[in-house]
Amino acid sequence: MSSIALGVNIDHIATLRNARNVDYPCIIEVANIAVNNGADFITVHLREDRRHIMDDDVFRLKSSLKVPLNLEIAATDEMLSIAIEVKPKCVCLVPEKRQELTTEGGLDVGSIFSYLVSFIEKLHSYDIDVTLFIEPDISQIDLAKKLHANNVELHTGKYCNNATQNELSKIIKAAEHCHHQNITCHAGHGLNYQSAATIAKVPYISALNIGHFLICEAVLHGIGKSIYKMKQVIASTD
């Protein structure tokens, strides 16, 4: 079996729930189904505008999950306070714009480097691992290393939207550089069965984060079957 871990993002279960302001589908139940069908960890993005995941969702997931919780947040004081209270296994810092439909790209680490120094130190002081969601760019990885980030997650959106050898080469080179810098390398955004199979073959990538596609597949085939199939797809890359 592949050593690639599968993180399942369940944000859009909350989107469906919030469309009618009801308490179903139950995000805890979906998370448990995901885990029972191969999810190695659960990812949620608590956005500043609370458009899908709510604060209570995060606390409930943390208290009930038998696998690690990966909490995506913007690097703000409000989110830092919530993360410290929740104490997830890992916090993934992502850029955020209120008008965007989804995260549009990686962090510009250099532009907020000084701010991130104390932000990351604070998370580490509570034994929370830190991931930086970045473009597959060598300079961003070097900055992540200086910040003592535990992991980076390479933004695969550009490759998924334009599956050229050039875009894939950027990811391959970035993952190799992470290895040389002793930073754990994850990848995610826009992945489907086909693109996930390709990215899972990239040396030194240890985890994939996949959400929207799996939730869409769940409409047709069920959440359990969709996650199980994805797990088999990335496992078959050995």
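Keep in mind that glycine also has a Cβ here, set from the backbone N, Cα and C atoms.
The number of other Cβ atoms within 10 Å of the Cβ belonging to H45 (active site, proton acceptor), over all protein chains shown, comes to 23. The active site, proton acceptor annotation in Swiss-Prot covers H45 (among others) and rests on sequence analysis.
Under the heading active site, proton acceptor, Swiss-Prot lists E72 (among others), citing sequence analysis as support. DSSP classifies E72 (active site, proton acceptor) as strand under the three-state reduction.
Counting Cβ atoms from all protein chains shown, H189 (active site, proton donor) has 26 others lying within 10 Å of its own Cβ. What Swiss-Prot records for H189 is active site, proton donor, and it gives sequence analysis as the kind of evidence.
Swiss-Prot lists N9, R20, G190, G211, H212 with the feature 3-amino-2-oxopropyl phosphate binding site, giving sequence analysis as the kind of evidence. All chains included, 24 other C-beta atoms sit within 10 angstroms of the C-beta of N9 (3-amino-2-oxopropyl phosphate binding site).
If you take the C-beta of R47 (1-deoxy-D-xylulose 5-phosphate binding site) and look for same-chain residues 6 or more apart in sequence within under 8 angstroms, you find I53, A74, E96. Under the heading 1-deoxy-D-xylulose 5-phosphate binding site, Swiss-Prot lists D11, H12, R47, H52, T102, citing sequence analysis as support.
Under DSSP, E153 (site 'Transition state stabilizer') is assigned to a strand (E or B) in the three-state scheme. If you look up Swiss-Prot, you'll see E153 marked as site 'Transition state stabilizer'.
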Checklist entry - Over all shown protein chains, what is the count of other CB atoms within 10 A of the CB belonging to E72 (active site, proton acceptor)? => result 26
Next on the checklist: Tell me the coarse DSSP state (helix, strand, coil) of N9 (3-amino-2-oxopropyl phosphate binding site).
Outcome noted: strand
Checklist outcome for this item: Given the binding-site residues G190, G211, the candidate whose Cβ has the fewest other Cβ atoms within 10 Å is G190
Checklist outcome for this item: In all the protein chains shown, the tally of other Cβ atoms within 10 Å of the Cβ of R20 (3-amino-2-oxopropyl phosphate binding site) is 8
Checklist entry - So which recorded positions are near H45 (active site, proton acceptor), with CA atoms within 10 Å, out of N9, H52, E72, H189? => result N9, H52, E72
Item to check | Rounded Cα-Cα span from R20 (3-amino-2-oxopropyl phosphate binding site) to H52 (1-deoxy-D-xylulose 5-phosphate binding site), Å | outcome: 12
